[in-house]
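Enquirer: Submitted below is the structure of interest, expressed as structure tokens.
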Amino acid sequence: MSWLLGYVDPTEPSFVAAVLTIVFNPLFWNVVARWEQRTRKLSRAFGSPYLACYSLGSIILLLNILRSHCFTQAMMSQPKMEGLDSHTIYFLGLALLGWGLVFVLSSFYALGFTGTFLGDYFGILKESRVTTFPFSVLDNPMYWGSTANYLGWALMHASPTGLLLTVLVALVYVVALLFEEPFTAEIYRRKATRLHKRS
């Protein structure tokens, strides 16, 4: 990891912006979703849990676009690494980008908009937890697909800065999952218990 730091200026404004957006995004959506789950204030303000979820999801999408823009700007503002600047590495990056897109898009298809964007915090639950592809081959495929996208993008640009930021993306997702996974497991456990009692 230390060899990357020789190529990265952590004080460069676009790098700082990328770090801030990478850290802020999951923090924002987890704080807002937990607040909604406890208070239902967004659902009341919008008059519907669905409208509230769609609104939060739209904000998350815009924040993710901003994060990707800042990530790209940070890479472009810092030097490439000669050892990564080859056709082999470029096509490896392209393959990772493609793999990541498959997992992100198939996750979205399996979950739908509300399933992707924290609908369970709004009381919008599916019949049961999704276990079809890509969830049948990988836990949290949306997050790991997104991480693969950033890794692929960094390799395609031969960017040590991109690699370092990708590590940060992965770490932030791991921390987010420490909060999200227990909640999701518990909420579907409660639903299963309620259904069992009714039957």
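Placement of Cβ uses the backbone N, Cα and C atoms for every residue, glycine included.
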Enquirer: Would you say whether Swiss-Prot puts Gly93 on the same side of the membrane as Ile187?
Expert: yes
Enquirer: Near the topological domain 'Cytoplasmic' (179-199), which residues from the same chain, at least 6 beyond its ends, have a CB less than 8 A from one of its CBs?
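Expert: That would be 30, 34, 37, 120-121, 125, 128-129, 140.
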Enquirer: To which of the binding-site residues Gly98, Gly100 does the lowest count of other Cβ atoms within 10 Å belong?
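Expert: Comparing Cβ neighbours within 10 Å for the binding-site residues Gly98, Gly100, Gly98 has the fewest.
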Enquirer: Can you work out the mean pLDDT of the predicted model over the topological domain 'Cytoplasmic' (67-93)?
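Expert: Over the topological domain 'Cytoplasmic' (67-93), the predicted model scores a mean pLDDT of 97.
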